[in-house]
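Input: a single structure, listed below in structure tokens.
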Amino acid sequence: MKRASAGGSRLLAWVLWLQAWRVAAPCPGACVCYNEPKVTTSCPQQGLQAVPAGIPASSQRIFLHGNRISHVPAASFRACRNLTILWLHSNVLARIDAAAFAGLALLEQLDLSDNAQLRSVDPATFHGLGRLHTLHLDRCGLQELGPGLFRGLAALQYLYLQDNALQALPDDTFRDLGNLTHLFLHGNRISSVPERAFRGLHSLDRLLLHQNRVAHVHPHAFRDLGRLMTLYLFRNNLSALPAEALAPLRALQYLRLNDNPWVCDCRARPLWAWLQKFRGSSSEVPCSLPQRLAGRDLKRLAANDLQGCAVATGPCHPIWTGRATDEELLGLPKCCQPDAADKASVLEPGRPASAGNALKGRVPPGDSPPGNGSGPRHINDSPFGTLPGSAEPPLTAVRPEGSEPPGFPTSGPRRRPGCSRKNRTRSHCRLGQAGSGGGGTGDSEGSGALPSLACSLAPLGLALVLWTVLGPC
């Protein structure tokens, strides 16, 4: 029995040695190969300028990071059918052939980060990687995401695209990533979020878009993100954000909107209302404009603080100037002119909304309908209410022709002719101007001053006549 057990032990040792030899024997010279806990070929920071030849076909993990590799040729790892983890980060990769990862059907993690010279990736590069769940493409100098780049990556859960030079998010780029939970897009140059940018991301939990140049978010951009819990939009160029875009985010818990040039006028009211109902954790939303609200948190403002832009509750018509306005360049929605049937929705600052608070303003002579008896209207009835009451006579003194009620004379009080050098002195002209000026007097005051002025000038006129007839003494 002892002799049999001794023979079995030697056989087991021989088998283990053979397994170790099969892994270690073909190991490239600059690498270390081992099989516990997984069969691994490790060649980090060895100054390699190319993918080494002779990598064991049984390798499950290959570490080639921190070298000087600039090119990954097609079929570089085709023999490694069991490969699950491949690290190529921190090299000087400038080109990856489209079929570089062909045959790696079991690959789960691929790290290509910190290759600033890469700049672009062939759309077919990741085809066939059906089990890939983590993909690092951060700090690769990427300028665009080619169409179909992530096609077929149904198992992908983590996608790192931060700190690149991406300027746009093409439609349906992530459409096949139904299991993606983490998407990192911060530190790019993205200027807008279109409607279909995140279409298909039904499982997304975390979306990081901070430190970009986002100035506009489409109202339906987040439509498929019902499971999103974290949204970072800080340090962008957002001056407005449609509340409609946030409405689908029913699971949202963490929202960061700070460090944006928010414009806190009436266009911010929908966002303000949404923030009042939000029960998760959110950053401050400091206003940049108007100046009177600069630095104040939008969430802590009152509804009547958000003034300065005509907003209709019914249909509204955009103001079009024929060129891009400063507001459009900032990503602001255009102010709206109220529909003719809904002018009551234009509010004056400091006045509550009510059915009787109708749009009021200056009515030039001839524009009012005949017989308009709506009561006195003043210059401060304009939508902005910023002009002093003494700036012009009250509009009750301005009547369009033909609008006087029956029984009133249609001709106004007779006015004195203008000053003339032939029949008036300078003092006479000054007296005439004083009697007819005032800026804030009504018609009755002007007409009452004329007879008194005529009486005061009568002796002077008589003296002039006598001087003309009799001559100087």
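Placed from the backbone N, Cα and C atoms, the Cβ positions cover glycine too.
Swiss-Prot lists a disulfide bond between C33 and one candidate from C27, C43; that candidate is C27. Checking N82, N237 against Swiss-Prot, you find N-linked glycosylation site recorded for N82. Take the candidates C43, C80; Swiss-Prot pairs C31 in a disulfide bond with C43.
For C264, the cysteine that Swiss-Prot lists as its disulphide partner among C266, C287 is C287.
It is 9 Å from the Cα atom of C43 (disulfide bond) to that of C33 (disulfide bond). Closest in space to C31 (disulfide bond), of the disulfide-bonded residues given as C264, C266, C287, is C287, taking the CA atom of each residue. For C33 (disulfide bond), the spatially nearest entry among the disulfide-bonded residues C264, C266, C287 is C287, judged by CA separation.
Taking CA atoms as the reference points, C266 (disulfide bond) and C287 (disulfide bond) are 13 Å apart.
The predicted model assigns the repeat 'LRR 4' (129-152) a mean pLDDT of 97.
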